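Undergrad: Just dropping this structure here.
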Amino acid sequence: MRYCHVESCQENDIPIGIKGAVPTKKSLNGGTSDKYKREVNEDCTSHHTKLDYLNKTISAKAQKDMELWDAYDDALDNFCDIDENDEDAEYVDLLLNPERYTGYVDGLTDPKGKWGPNLQEFLRRFSPETTNGEGPHWLRNLYFIYMLEMRALAKAAPYLVREEYYTGNDSEDWETQMAVKDLLNVVKQFPEHFDETTMFRNTEQADKLKYEFKQHFRNITRIMDCVGCDKCRLWGKLQTQGLGTALKILFSGKFDYINEKTSIDTHNKKEFQLHRNEIVSLLNALGRLSNSIYKLDDFRLMLR
């Protein structure tokens, strides 16, 4: 089962920017600034008798309620569940847990531990003769999803290029920003990836169809929780969430009007907000699709 095992990060290995332990700002009196603390709010009680006084304080409960409302509104745009706040969730270094064939079959793994490109198996799974003519359609679907995710990257590029990708490691953060910019520059060279405007339009039931499609996709992502192999489940959920993020970008409507000249400041950035897990899953999902297409070309060469 060692090939199925996922190695979780130790607490000391988690970058400060990822686990959210960002240094807090200090107030003028040397303490931590928190405008929702009781002692801060009590400073304004002396003004309550003034007719022209406008109390701008918000109780901690009201603040929490508003955060729940925001979370609910954001969840309506999601095509899959974002479980990054799950109490049982663990941090995983994807570089230490790469996707690979584990030999997992019904709770067991192949004791030989030997695998590689298998042309006979490829033909069995995708040739028209052994799939009732469906195999070529399945391969075309691979390209379709790849183009869809490429289009999502292009659409969200003005937002993604301005992200800080902060982890706390200055050199790695800079390298990540440069890598994302290089990728987005390549994506821009092929703007006509996929036209999402042709879907869910010119029909009175467009919203209903979109809702049903979203629910079906959520059910698919939840099925991944039932996968027995830890590594298969990790990468399966990562790739389905990546596709869900792409669908969110294309069909939520929140990314329809941003471009390189759009001002995305602190006041309206929330409109375009993506979770860290969504960005990570989208980039990794595109990477796995790219690798699949590359391997598909290898099989084509083997068939010649």
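Each residue, glycine too, has its Cβ placed from N, Cα and C.
Pulled the feature table from TrEMBL, pasting it below:
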type	residues	note
ACT_SITE	C229	active site, nucleophile
ACT_SITE	C232	active site
BINDING	R125	FAD binding site
DISULFID	C229-C232	disulfide bond
Undergrad: Round to the nearest Å and give the CA-to-CA distance linking the residue listed as 'active site' with the residue listed as 'FAD binding site'.
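TA: With distance taken Cα to Cα, the residue listed as 'FAD binding site' is 19 Å from the residue listed as 'active site'.
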Undergrad: Would you count the other C-beta atoms found within 10 angstroms of the C-beta of R125 (FAD binding site) for me?
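TA: R125 (FAD binding site) is surrounded by 13 other Cβ atoms within 10 Å.
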Undergrad: Reduced to three states, what secondary structure does DSSP give C232 (active site)?
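TA: For C232 (active site) - judged by DSSP and reduced to three states - the answer is helix.
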Undergrad: Can you give me the Cα-Cα distance between R125 (FAD binding site) and the residue listed as 'active site, nucleophile' in Å, rounded to a whole number?
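TA: Their Cα atoms are separated by 22 Å.
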